Amino acid sequence: MRRSSPEKKPEAEWEADAAAAAAATAAATESLPAETEKQQGVDAGAAGDPERLELEEQPKDVGRIPTPTRRHAPEEGEARVVRRLPPALPLAQPRPAARALSQLVKARGRSRSRVYRRSAGSMRPVTVDSSKARTSLDALKISLRQLRWKEFPFGRRLPCDIYWHGVSFRDSDILSGQVNKFPGMTEMVRKVTLSRALRIMQNLFPEEYNFYPRSWILPEEFQLFVSQVQTVKEGDPSWKPTFIVKPDSGCQGDGIYLIKDPCDGRLTGTLHNRPAVVQEYIRKPLLIDKLKFDIRLYVLLKSLDPLEIYIAKDGLSRFCTEPYQEPNPQNLHHVFMHLTNYSLNIHSGKFVHSDSASTGSKRTFSSILCRLSSKGVDIKKVWSDIISLVIKTVIALTPELKVFYQSDIPTGRPGPTCFQILGFDILLMKNLKPMLLEVNANPSMRIEHEYELSPGVFENIPSLVDEEVKVAVIRDTLRLMDPLKKKKEIHFPDIYMDRKHRIPPVSDRMSSWKHKGSSLSIVRSQQMEKSFTSKEDLNCDPTGGDSEPNPEAHLPSICLKQVFPKYAKQFNYLRLVDRMANLFIRFLGIKGTMKLGPTGFRTFIRNCKLSSSSLSMAAVDILYIDITRRWNSVTVDQRDSGMCLQAFVEAFFFLAQRKFKLQPLHEQVASLIDLCEYHLSVLDEKRLLCHRGRPLQRNPPQMNRPEHSATGSSAPRVIGASKLSQS
């Protein structure tokens, strides 16, 4: 018989330990079953370290065999070592408790490798805190049931993976996970702020941003509004415009009205109440069944940096309830004729509730496209223009969103990552050109409507049209944000997910890829309106090998389509203000602030070497004071003193026009950004290399170039429809 090593216990101690362990197991198994298993599963989906949680929640004393102290902690995947009895000991017939002990020991010997596999797979559900979901709760619950995720409707002591807020980022204080709101988004999409952001882009790229009606901000631009309208009328007496007035913070059509004359008495009253935007009314909209309608399109802002944008393939079309007529003094007050807001038309006696997606006062956007297609309309061109509108609008919003984000979640501090579903309200003109009406930070996700049974008595009736669109948007947003989903680095072309283009064997593909590899990206861009595979096809491994069952095999294909960075090459040249925001944030100095102080502005001028004999530092101080004072007088936010981002942009425009003359504004601004980024990169490299004593030699950027893009290369000014409308 081989002698045991010195580390092993004597045989007598083994017998005593085994007997003691069996007795402990017999006593513990009576109280073990349901309560222990329940406790193990309560928080198995907690965010953080799932492996550690699962190991800690196992019963501590049940089935434990006394062993010497471990010399090292087991690594990931290492099995627990269970010492065996010496062969010389006679083995008795195991009793029920001892048999349970042996099974527990064997199971725990394999538990280490199983824990990691189970926690990374479908057994560990994603946890969602829905306690702040509010009106989107019903659609969220349906989505979570379809995804088989775990909901915590009353919150949770431990962190959740995802927090679903109904109003804003600040609905609750969270330090980890993901939240479905960006800080500052509610402020950014208000009528006044959105108009200012789009106006900056219109000054830089007037042709690209002609999808937003001409707007004036009240009360600060009232005199400008009156004078400009008067000037146009004098030049063209036949011009008889109509204007629509929208309160800054209004929603659901509240406070909106139409006017023909800038000196209308109602407009004078608005000037004394609250900020508002007055816009030129679109008089020739596309009509269906003689009714005006708009489109509510859902857009997912998945990430701010890097920028990721998704658009839902279907939306809602909301109809007026009175036949449309061009506005005149007799029908200006007919809100059911001119305003498409659902919250207004629902109170019309002509509102039609329908479970059909193609009839009624609320229909799916896809049904409208089918109807237009039957009349010969180029649907791909319509989608192309809508995609372009959405990307350009988000590009206009992201600079200030970055400032809000660094203020609420400064670099280096704990905080959640953010995503958000936005509601874009778009109107199709008679010539099928899309026009942006507004952007909603909190689009309604209700899947029911109120039905008045009797005066003052309402009943909530499910809306199948709302449920069809909104549940899909929420569910697929969660699928895209799934924190446990494995990120695959191999991206197969979308064409191979089409039912008509099944993935051939690898041997058959290799020869064709050698000849057609260069055209795969072109083929991919032409598959926007493709059909998707069946559940069985989605559950197959495209590499041809065996794989684990797809946890999403029971779900339909994702209804959200990525449009950025997919089309980044076509739109990156528009991101000039985004690059200015990066400069602005760099010189803020104090974490959490949103305004640039005078010292930070001077540091910006010095580090970028913008001062000269014609622009002294005294002139820089005067520039800062004048612009900051003017912007502080018109902005509502007075939390911090200093220069806001929009004031910094105005100062940047002034410096660019002063330094680079005889160029279009966007080229002047791009040249100045290049110069600033060059000097700052040189400064950063000097700080890194100064201790090494290495000389730094870099050539300054070339400023005289024909066209500038955000990546430093030229970009086309006109985007072809075929490049955007297909995937």
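Each Cβ is built from the backbone N, Cα and C atoms, and glycine gets one as well.
Here is what Swiss-Prot says about this protein:
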BINDING   Q252  protein binding site
BINDING   R318, Y342, S343, K362, K470  L-glutamate binding site
BINDING   D425, E438  Mg(2+) 1 binding site
BINDING   E438, N440  Mg(2+) 2 binding site
COMPBIAS  1-12  compositional bias 'Basic and acidic residues'
COMPBIAS  17-34  compositional bias 'Low complexity'
COMPBIAS  49-63  compositional bias 'Basic and acidic residues'
COMPBIAS  72-81  compositional bias 'Basic and acidic residues'
DOMAIN    125-477  domain 'TTL'
REGION    1-88  region 'Disordered'
REGION    464-566  region 'c-MTBD region'
REGION    530-551  region 'Disordered'
REGION    694-727  region 'Disordered'
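Structure coloured by features recorded in Swiss-Prot.
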residue : record                   : contacts (Cβ under 8 Å, 6+ apart)
Q252    : protein binding site     : N341, Y342, S343, L344
R318    : L-glutamate binding site : F293, D294, I295, R296, T340, N341, Y342, N345, S361, K362
D425    : Mg(2+) 1 binding site    : D294, I295, R296, L436, L437, E438, V439, N440
K470    : L-glutamate binding site : A139, Y298, M445, R446, I447
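The most crowded of the binding-site residues listed here (S343, N440) is N440, judged by how many other CB atoms sit within 10 Å of its own CB.
Those residues noted as binding L-glutamate (R318, Y342, S343, K362, K470) have their most widely separated CA atoms at a distance of 17 Å.
For the recorded L-glutamate site, residues R318, Y342, S343, K362, K470 set the reference point as the centre of their Cβ atoms, and the other residues of that chain within 8 Å of it by Cβ are R296, L316, I346, S444, D466. For the region 'c-MTBD region' (464-566), the model gives a mean pLDDT of 59.
If you draw a 10 Å sphere around the CB of Y342 (L-glutamate binding site), it holds 20 other CB atoms from the protein chains shown.
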